Amino acid sequence: MTRRIYTGLAWLFLLLLAVYFLFPIYMAIVNSFKTQSELYKSVLSWPKSLSFDNYTQAFKKANMMRSGLNTIIVTATGIFGIVLCSSLAGYKLSRTRGKLSNVLFMLFVASMLIPFQTIMVTLTKMAKDLGLQGSPFGLGVVCAGLGVNMAIFLYHGFVKGIPRELDESAHMDGCGEWRAFFKIIFPLLLPITFTIVVLNMLWLWNDFLLPVLLLNDFRDYTLVLTINMFFGKYSREWSLILASLILSSIPIVVIFSIFQRWIIQGITDGAVKG
Amino acid sequence: MTRRSARAAFSLLLFVLPAFILYLIFLVIPMFQGSYYSFTNWDGLNKTYGFVGFSNFAEAFREDSHFRSAILFTAKYVICAVVLQNAVALLLAMLIESRRRAKGLFRTIFFMPNMLSVIISTFMWVFVFSKVIPALSEYSALKFLDVSWLGNPTVSFWTIMIVSVWGGVGTLMLIYMSAIQGIPQHLKEAAIIDGAQPYHMLRYITLPLIAHALTICIFLTLNSSFKVYDLVYALTGGGPGRGTQVITMNILEEAYQGNYRYGYASAKAIILFLIIFVITMIQVTVMKKREVEA
């Protein structure tokens, strides 16, 4: 009997929490299909007709094409830089014994404790001095710099599980060190690379504060910045804003639904090993 | 050093070089510069500036009432966010793990907010608090919802907390779930045979055996909630007035919005770093000691 009460309570809790979690998303979707006057008359009702007007308007007015492209540039540059630099460093640091290797690794790991907030002011100035301010590509490079430490940590741990004999046999076959890395080692690092790509994609795609500090012209804005600007500009036209919110979330939600299993795996691994 | 080890060291440096350069330019140098500027009165533009010793730090603690109230507000936020996010995440993890059906569905629902940008999802909540809830409160049974969710600092704190829990539990839940899956089945069975009630299971089996996950999750939440910015920015903008201003906002205001006191802002940033560093170090050391092996 008590067991059944517990099961009932468990379901009740889960359903209540599910309502809490879905509520804002549901409300945003429903109201994004209403016309402005319809929304003001009744927020809670279903839309009278299914019209995509708000969406086409939001797409044009919020310059989604341009900002979407900028976001892709930032994300791709950042991820490419992080994966390339950290896999090289993480692999070699893990394989080399000795003081130098240990010290370098500790330096990278220790820096994971630096909060972004502590360096943001000087980092912005540094980016400006290097001419990386004001371009999505430059932002991607800066992000790569901020992301290498954690990726090195994850690669370092993963490489320990790959037998050393592989390096040696490649060496025997007359493969140079660099060729051996890209031909033989890197393909074996794909599982952890996937984790690193997922974690960084979520960060880069959705980041706000660093892009705000580094991008000044609205033509360079990422999706999140564009939405932020759009929100300020059309603050009373909720139906339009909601459509822009939904629209800008679609890419990441689609990617998530396709790769859900691996993403969840990646996030758990990243957190537990990080 | 033999030729062989010299060659190994050289090849190590070559492999590490690209990452090290990025790391040096974007992490180490800004960190050192920030520490250095925190002892100066630099305004970010002028080539000349003076060395002022600890006076920035003294000013932050003694004279800056905005900074003090931002620290207090952030501290209050951190305590509530760490407790609530972990409690809800753990509850969800246990509830979902004890279900036989629809596990994947519930996991997706509760993880969903983590996919979206904090700014974007918080704007959805702004809509809920400024349009949907007022509409709901017109029904007489829901009259109690008729409060100023975003306009009154005391209420806004809990508004922020509602959104913070909504957006923060997904990752924690996944970590707790994988920890719960790692509890050996025979321990659970033995406890049930011994007549353990669900409360006892939680207290004597689950909690001790997922202690490592607790350590990680509390570390993660401490870190993220001390640094909170996006959520508060999108929800209340720090307002009304400075009623909900968090530390990050205060630092940014000092550095960019009209003040341009880079040196002083750097000092505040260093203070934030020290607060997070000391607290998380204590947390990890204390909690590591209490972990047990299954």
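Numbering starts at 1 and runs along the chain as it is shown here.
Every residue gets a Cβ built from N, Cα and C, even glycine.
If you check TrEMBL, you get these features:
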type	residues	note
TRANSMEM	A:9-29	transmembrane segment
DOMAIN	A:68-259	domain 'ABC transmembrane type-1'
TRANSMEM	A:69-91	transmembrane segment
TRANSMEM	A:103-124	transmembrane segment
TRANSMEM	A:136-159	transmembrane segment
TRANSMEM	A:180-205	transmembrane segment
TRANSMEM	A:238-259	transmembrane segment
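By number of Cβ pairs under 8 Å, the transmembrane segment (A:136-159) is matched best by A:69-91 from the list A:9-29, A:69-91, A:103-124, A:180-205, A:238-259. Residues 43, 242, 245-246 of the same chain sit 6 or more residues outside the transmembrane segment (A:9-29) yet have a Cβ under 8 Å from a Cβ within it. Note on the transmembrane segment (A:238-259): residues 28-29, 31-36, 38-39, 54-55, 57-59, 61-62, 64, 68, 198, 201-202, 205-206, 223-224, 226-227, 230-231 of its chain, located 6 or more positions outside it, place their CB under 8 angstroms from a CB of the stretch.
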